[in-house]
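For reference, the structure is listed below as structure tokens.
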């Protein structure tokens, strides 16, 4: 009960008071610590269990491997791997094999994870999802897509988690044709209306490939479309320097009853900066607080300073800097000084230099 409630101190106290502590009790405690990301305590429990002469089973090792992944404790993970091989457990438990591969992925060892999975007597969707996610994490998107092909050759059907990962790879590679094929399969399985995360990944793929019309179509079909979905579209318009469409999207989002958050405003200010929409950026910065009660963060100030500086409005950039908290002023004044050099503004440049020196002192 205590473990399910996340009260690991109480759970440990109960275990310490038991006269007999078997592998089931120890495994539950180790898994509990791993679940709440207290990997060091999980490994301490495992060492104590062994000291008391209690042998671990597949469930124990799965929990310990999770703890190793949390900590990035590759050496301990390799020791557990050796013990698992010694006991011949990999041939008996696919879940344990997946946990071992996941540990190697979390420790940045994708090649070892692949070897583990290839040595298993069989693999399931979870096995391939672990490997695909690992390749994407390492920026090896081509290998992630190759895994999808191999998975299908083995007769395994990709699930929403698989599609979510490979769509990210398609977006990074600009592999829009493969992305469209995946889109068709998602539609065929009726997944788009059921899974907002998957829908957002699909939309993000189209955004990264520059197909904003397709991205807009996807967002229209999402049942639970939220601010994250719209912010992804806003970010795409911003990155492409399309401030006008970003503004249209921003307004449409509000018409749908969604309230923009700090991330959405950050995307909008960047879009305005890329497109030179100075007045629009000023208006957005103002309504953040007056209409939506959002306190501007450093990223919002920086976007506005960059916008003003890029288009030579150094006086306005100065006004924004003066609103910053003291901790951020030194870097801001140094940035303004660089902008003054670009525009040859000696007066503000001298003032920025003096302030940057004062803040460093």
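Cβ atoms are placed via backbone N, Cα and C, with glycine included.
These features come from TrEMBL:
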{"type": "REPEAT", "residues": "22-56", "note": "repeat 'PPR'"}
{"type": "REPEAT", "residues": "124-158", "note": "repeat 'PPR'"}
{"type": "REPEAT", "residues": "159-193", "note": "repeat 'PPR'"}
{"type": "REPEAT", "residues": "226-260", "note": "repeat 'PPR'"}
Message = If we skip the immediate neighbours and take only residues 6+ beyond the ends of the repeat 'PPR' (124-158), which ones have a Cβ under 8 Å from one of its Cβ atoms?
response = 94, 97-98, 101-102, 104-105, 108, 110, 113-114, 117, 165-166, 168-170, 172-173, 175, 178, 185
Ask   = So how many of the residues in the repeat 'PPR' (22-56) end up helix, strand or coil by DSSP?
value = 26 helix, 0 strand, 9 coil
Inquiry  = DSSP-wise, what's the residue breakdown of the repeat 'PPR' (159-193) into helix, strand and coil?
reply    = 27 helix, 0 strand, 8 coil
Query = Do you know the DSSP helix, strand and coil residue counts for the repeat 'PPR' (124-158)?
reply = 26 helix, 0 strand, 9 coil
Request  = Provide the three-state DSSP residue tally for the repeat 'PPR' (226-260): helix first, then strand, then coil.
outcome  = 26 helix, 0 strand, 9 coil
Query = Can you give the mean pLDDT for the repeat 'PPR' (226-260), rounded to a whole number?
reply = 87
